Amino acid sequence: MKDKDLRKRVPYHIQRDVLDELGVDQVAEKSDFKISAKEKFREAVRFKSCFLSFVPLLTWLPRYPFRENAIGDLISGISVGIMHLPQGMAYALLAAVPPVFGLYSSFYPILIYFIFGTSKHISVGTYAVMSVMIGSVTERLAPDSDFMIPGNDTNSTSLDIVSRDAERVKIAATVTFLSGIFQLLLGLVRFGFVVTYLSEPLVRAYTTAAAIHVIVSQLKYSFGINPQRYSGPLSLIYIIIATVVSWQMDLKTEYGVEVVGKIPSGLQAPVAPAVSLLGSMVGDAFALAVVGYGIAISLGRIFALKYAYKVDSNQELIALGLSNSIGGLFNCFAISCSMSRSMVQVSTGGKSQVAGAISALVILVILLKIGELFEELPKAVLAAIIYVNLQGMMKQFGDIRSLWRTNKVDMVVWVMTLILTVLFNPDMGLAASIAFSILTVVFRTQLPKYSILGQVPGTDIYKPVEDYNQEIPGIMIFHSSATLYFANAEMYIDALYEKTGVDVAKLLSHKKKLEAKRLRKEKKAAKKAKKEAKKRAKEAVKAAEEPKFSDTDESGEEAEANGDVHKLSVKEPKDVGAVEVGPDPDTDTTLPQAIILDLSPVNFLDTVGVKTLRNIYKDYGEAGVQVYFCGCQRGVVESMENGDFFNEKVTKSILFSSVHDAVLYCQQGNSEEVQYILMSYTHTRISEVS
């Protein structure tokens, strides 16, 4: 059969009653079954499944395909291990600690991730962004000025590098330990979705801004200068200014070439974190935890999608948390995963976490045996290595052009993230960037697209009338593209009035004015009638006191004969209820028979949202317009129930599962059976047609 025939529209018929929410509950035989708290607890504490999920190594290692993967993992592990050597020492410079601690950070955390991680292809270890964030903490809490000692001359001072580096190592290890604790806690409470607040444009812009910080921080090693260190907001600008002034004023000083320095053989014993410093680095540690996890899980999901396996986001938090918290005890600084190393690991044949373990063994050999060979390596070489590894990040400036074409809001988020991170440093810049990103979401939910829906003829499909121009006489179907909550509730009502052409507030206000005017006229007329009645009564009494003699009346009877006085005929006042008042030109419109609110995009209702719907139903009802709701999700219905929306007069009979049910109900009432034909693209009857 040809593709054209496959795409042929196949008519099908559905015959059923028009169902409101109560009818759906009856037909579907709604179940009240719920899992008991006891069963949930049993499921949560099943030791075997819980332990295996907590230690993934025990699940995949016994089934490791040795023949298929061993060679590739071996070659990949050695290749990545060689990359760890220069990157670890180079990124230690970014963290403002001696280079050897970069090698420690390329060993302990990798072994921990090998046991607890779920991604087969990412290469965890030192990472430029994390290192520069660590560096901002160490330089802030242990600046050079705190370690100046008097020289031989009375006016000279020198820097105590040994004491400074020891303090900075302690700070870096402590903030790393605390960030790992944060990651562990987030993972244990199943808070892996926190990374959703780090959108791709935000992450890419943030890493680009961090790369700028990295480049500026390495200029001193590249050009052999030693400008004064600054930390905090605008520190990047102060570094730049000091360098330019030094160059322009030709302030030249002889500097020796800095080298890596002593690389001690062997491993260090664990050291407890400096508890006294924890309070001063809580914000920095949380930022490290979120950024490190966000980068790792983003890259991990890319490889998992490509190679068809699953990465557990919560377990990744636990794995990174253990890597950082345990690594912090061994004087490591915070780690994440590197794109460049991960690409090398994949391209050289790595197929499992075994490649990471082998790379850690390579670093172990370097630490135990050949570390001293790299003691004379100039730091300028490490700076050059950093520049090379930042090429990919700097290419991300091309995102601005692509985002301008696809989504301008994301482009604004990208640019603002770059600016905020460059100006405020990585830690404060991250918080400001996330706040700005969330603010754009709030603005977008506050300014959704509102429309009136019309029916596509012969179908149950409803589209905006501005696109298809198929309004339903007497029925207004109002649709919003976003949820309804406190931030846009007022705008929702304003848009409803505008789109339906019925401003209920003005209508009711005009109605009250008419009622007040009617009451005033009634009161005035009653007062006037009472006054006239008194006047006529006085005239009647006066006429009775002055007897008059007259001939007999037409009936031949004399008025005086029976002693009766003439009865007074008092005119009754006009019916004040029938007083006509001119229409208000602002509200003079033909009211629709019914208004249907399509709530299918609404995924939650807060108290303001429930109150808004209640007021809409009440106000339109007072104006004589029936309001119905359709497409309500379960949570929305529950919010309406909890918000006392329903009562004896207002029941779930005003709720409908679909727009079409509500329209049919409005057009034909609650008939016993309504038949309608749906035209749709479907392949369920292709065989019958062919």
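Heads up, the Cβ atoms here are built off N, Cα and C, so glycines get one too.
So that you can see what the record holds, here are the features copied from TrEMBL:
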- 525-537: compositional bias 'Basic residues' (COMPBIAS)
- 538-551: compositional bias 'Basic and acidic residues' (COMPBIAS)
- 552-561: compositional bias 'Acidic residues' (COMPBIAS)
- 465-666: domain 'STAS' (DOMAIN)
- 525-567: region 'Disordered' (REGION)
- 44-61: transmembrane segment (TRANSMEM)
- 89-116: transmembrane segment (TRANSMEM)
- 171-193: transmembrane segment (TRANSMEM)
- 205-223: transmembrane segment (TRANSMEM)
- 230-249: transmembrane segment (TRANSMEM)
- 285-305: transmembrane segment (TRANSMEM)
- 317-341: transmembrane segment (TRANSMEM)
- 353-370: transmembrane segment (TRANSMEM)
- 414-443: transmembrane segment (TRANSMEM)
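The stretch in 89-116, 285-305, 317-341, 353-370, 414-443 that contributes the largest number of Cβ pairs under 8 Å to the transmembrane segment (171-193) is 317-341. The residues of the compositional bias 'Basic residues' (525-537), classed with DSSP into helix (H, G, I), strand (E, B) and coil, number 13 helix, 0 strand, 0 coil. Same-chain residues lying 6 or more positions outside the transmembrane segment (353-370) and placing a CB less than 8 Å from one of its CB atoms are 57, 60, 64, 69-70, 72-74, 76-78, 80-82, 84-85, 88, 103-104, 106-107, 110-111, 113-114, 117, 119-120, 123-125, 263, 265-267, 345. Regional average pLDDT for the domain 'STAS' (465-666) in the model is 77.
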